[in-house]
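Following: one structure in structure tokens, then a few remarks.
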Ligand code: GLN
């Protein structure tokens, strides 16, 4: 984490506003934001050497909304380089550790934002979710993580990874805090053409909200999960049934292609978005005798291996002759997945899956096998392809080698119904079905 040199100034400003009688929803609340969200005067490195010396000259809309609400942005959170990863191990400033077991990863790519909340550094934080980067680390660290509907939160000032998938989302320790944060950050922004009109007010629900709720378990997400993950899912479903929800099962057959489609869309978008980092305008520059040489060397030395791999695959998938075989086919799968979700929501109010098939894995376990790392997103990427809102709820623990590790369950709602997820979380809390706890040595409350 890097500290915000202007935090004290922000706290004093909030103090003055409170004293002058302003009612601020987040007065003095310390918040950490992911290091791909610009905040004036802070380093925004995106976990990359290429932006090591970059200081933001402007503030992202989501961050500005936090400040307007009286929050204090105390720092920027570590992340996988350019948000590409599922473990927060690829950052140029080193890995983030999981406070439940420091030999394990916190998930990624928003691992720093998740750990900030799990370890009690701040009550809430912001991350970004392109294929699961808020929900998966939330599950692996035992906190809430919400990926809003595409467009619900402005992307202005968020460094783009894959623009048709990226969305800023909050981490929190209660449904009430999720509601509070979403009421502050969500809404239309003239600076982001894809942002949406003001949403309905978010509120934490009660068990009464669960009566009659139609919950569809996605069949394709069953099997292949660790016993602790299956147990947490079953316990959550049991609690829902007990509260009067109708739980059924639904199949979305195209989900088996979700990982392939996601990476064949995310990487081409990344290869285009990251073209701007050539050492001419932003960040680091490696000197060479001529322009092309300098750009090449800057990108060779500035980007890490995974980012380079994705730029190359993305460029390849978009190149003439391969476009139809890869990118265009992936876009057709995206449409199929989206249509299957729409059909499933004809019969169900929310869908449910595990957030991750396993709890936190060991550091280094997947770093030499990119496909194993990509497979960690099997339950989350389809939601981004379809632009839907989804929430990871802390739903239990699995003991692995004598260590208690958190496990999450993912609820998915139809587009524009993010508020349904926050209400549901409050209902589950009322039933005692949400397992928020603090890792030993990190008192959060
Ligand atoms: N792990 C996925 C990827 O590497 C998702 C990342 C994200 O949501 N930013 O692309």
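From the backbone N, Cα and C atoms, a Cβ is placed for every residue, glycine too.
The region 'Disordered' annotation in TrEMBL falls on one of the ranges 85-111, 112-138, 139-165, 166-192, namely 85-111. For the compositional bias 'Polar residues' (85-96), same-chain residues at least 6 beyond its ends with a Cβ under 8 Å from one of its own Cβ atoms are 45, 47-49, 52, 78-79, 105-112, 115, 132-133, 136-137, 304-307, 361, 363-364, 366-367, 373-374, 376-377.
Neighbour density for residue 133 (active site, acyl-ester intermediate): within 10 A of its CB lie 36 other CB atoms from the protein chains shown. Of the recorded residues, residue 109 (active site, charge relay system) and residue 133 (active site, acyl-ester intermediate) place their C-alpha atoms 5 Å from one another. DSSP assigns residue 34 (active site, charge relay system) to a strand in the three-state reduction. Regional average pLDDT for the domain 'Amidase' (3-421) in the model is 97.
Taking a Cβ distance under 6 Å to any atom of ligand 1 as the criterion, the active-site residues 34, 109, 133 reduce to 109, 133.
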